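*Asks:* I am attaching a structure below and will ask some questions about it afterwards.
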Amino acid sequence: MNLISNRYQPINLHDANTEVVNTAKVGTATQAHTGNPVCCSRFYDAVYLTLEIVYACMGSCESIESKASREAAIISKKIDKELERKNNGNMEQKLLLLGPGESGKSTCLKQLKIMHANGYSEQEIQEKKFVVYMNIVQSMAALLDAMETLGIAFDNNSMEIHGKLVRKVHASGCEFIEWGPELRSAVKELWADSGVRKTYSLRSSFHISESAEYFFNDLDRISKKNYKPSIQDILHTRIPTSGVVQFYFTMKGINFEVFDVGGQRSERRKWIHCFDNVNAVIYVAAISEYDQVLREDNKTRSVMVLAMRLLSHIFDDVSKML
């Protein structure tokens, strides 16, 4: 537009009148000097020609400038809309995952990773098998502890040896459990014992992972030498969340940053620091926990009711901040 303006400077009315007057002066001087009628005619011709040129330039330049301005305005609007679209698309949305312990927050995060972040790498999948082994040992140890508490005996006394092995492995606290023949045989035979099954049927009176039965019923597959955890296996694994876990993914051109905060009582004091600039809070409560006891004390009944109370407390705390 600047190039056009510099090349075709518009002529205003004052400039046009000045041009006519100058031409008239020249014509008058010529006529007075020669005294020839022909010069007079040429004088008027010159005036008319000058007027035509001046007003033609005025109209032409104004037309070019007006058209260029309209085109520039249209282009500017298009650029503004495109920038707005890109800014909205790249704007980061902060999501906060809250809920009591073992309500399914981390499972939601796993599903988001699988659906929107290219899932798990081969190395991550191989590492998950140790989490599966650990969860199996933890669940069986929980059953053995509950058997003592409830006064339920093994159907076969030989199960005592298997029980001691499981307790020993569990007490070691090792994250990378060696799933050898002896251990997997012990877990398999214990799960087949009627005393253990009876204890499991009373699981609402003590805490045990919901994934316990899923893994116990598939021990043969899990015990294979070339075992590779499936997506369902990974979703059923359980590792308590400690601190704040951040996860990023993009969906429909929008960037999301998700914060998964531990749901145990000791972790909840960290929640308040995560509310800054949050766009949405996703509160997770497991409906299946309506008759289960709390993991922290193994006494509090109906974790579902506790989850609803916790949600109410969150509303109260946030309203005070606002």
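Here the Cβ of each residue, glycine as well, is placed from N, Cα and C on the backbone.
Automatic prediction, not curation, is the source of TrEMBL annotations.
Copied straight from TrEMBL:
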type    : residues                  : note
BINDING : 102-107, 235-241, 260-264 : GTP binding site
BINDING : SER106, THR241            : Mg(2+) binding site
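A description of the local structural setting of each listed feature is requested, covering burial, neighbours and distances.
*Replies:* Cβ neighbour count for ARG238 (GTP binding site): 18 (other Cβ atoms within 10 Å of its Cβ, all protein chains included).
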*Asks:* Considering the binding-site residues SER106, THR241, which residue's Cβ sits among the greatest number of other Cβ atoms within 10 Å?
*Replies:* SER106
*Asks:* Can you count the other CB atoms that lie within 10 A of the CB of LEU235 (GTP binding site)?
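*Replies:* Result for LEU235 (GTP binding site): 16 neighbouring Cβ atoms inside 10 Å.
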*Asks:* Across all chains shown, how many C-beta atoms besides its own are within 10 angstroms of the C-beta of GLU102 (GTP binding site)?
*Replies:* 22
*Asks:* Going by DSSP, give the three-state secondary structure for LYS105 (GTP binding site).
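*Replies:* Helix, per DSSP.
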*Asks:* Look up LEU235 (GTP binding site) in the DSSP assignment and reduce it to helix, strand or coil.
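*Replies:* Going by the DSSP assignment, LEU235 (GTP binding site) falls within a helical segment, counted as helix.
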*Asks:* Quick check for the class: what is the C-alpha distance, in angstrom and rounded, between LEU235 (GTP binding site) and SER106 (Mg(2+) binding site)?
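*Replies:* Rounded to a whole number, the Cα-Cα distance is 9 Å.
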